[in-house]
């Protein structure tokens, strides 16, 4: 795949798009067990002004509530790993965050450092300006370089769907999956609207059509248990949220509202 030029990638992506069933169905996956929703949440603190004590609180909450991972910036990986030692909670480190325009060498360096410091998962921002310019070979090689530098990590590639067209989202999913990503992720949460049912459904449909093991992570604007249920029903298997404690407490209080069925949409 790394030897394909942009024109060849364009043909491949167009072929994958042609296999999709239109209209893309919404909310066609089973609803989650809300009592165990914490197990698929990456509990997130990515503020540039975050302090060490805030990371400690994040980790303490993750231990108490049983979140999948904590998601932090590179400088806090070691601290989070140390705090969570002996627990089942993983540590996710963001890479190339949040612009995605870091050089490939910078992303690889961040990935290696994160792994050395104990991160178990990486959330890498795709160079989405390249994607919009149809620089598909560069996008693929950028992701592939991080994949090869962190072979033991779960790798999630952030598309930044708010900045992309539907066709670009399809292309981003194809490139990420073929480069070896474990997940494609909607958003950084720092650039426009976050996850939408339509985009998560489209990403899920693309991954399904590829018959790959790449899954979908929804993030950005997920603040309630209802938001979580909708995203899972749209196909997300992991959720990123800074409101994880509030969400889990909703389930404990019995607030388990499930969204109403929606009609399929067409891209």
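Every residue gets a Cβ built from N, Cα and C, even glycine.
Per Swiss-Prot, the feature active site, proton donor/acceptor maps to 123 (among others). A strand conformation is recorded for residue 123 (active site, proton donor/acceptor) in the three-state DSSP classification. Residue density at residue 123 (active site, proton donor/acceptor): 28 other Cβ atoms are found within 10 A of its Cβ, drawing on all protein chains shown.
Sequence-distant neighbours of residue 185 (active site, schiff-base intermediate with acetaldehyde) (same chain, six or more apart, CB under 8 Å from its CB) are 123, 156, 157, 158, 159, 216, 217, 218, 219, 238, 240, listed in sequence order. Annotation note: residue 185 (active site, schiff-base intermediate with acetaldehyde) sits in a strand segment as assigned by DSSP. According to Swiss-Prot, the feature active site, schiff-base intermediate with acetaldehyde maps to 185, an assignment based on similarity to another entry.
Annotation comment: Swiss-Prot describes 217 (among others) as active site, proton donor/acceptor, evidence class similarity to another entry. The local packing around residue 217 (active site, proton donor/acceptor), expressed as other Cβ atoms within 10 Å of its Cβ over all shown chains, amounts to 26.
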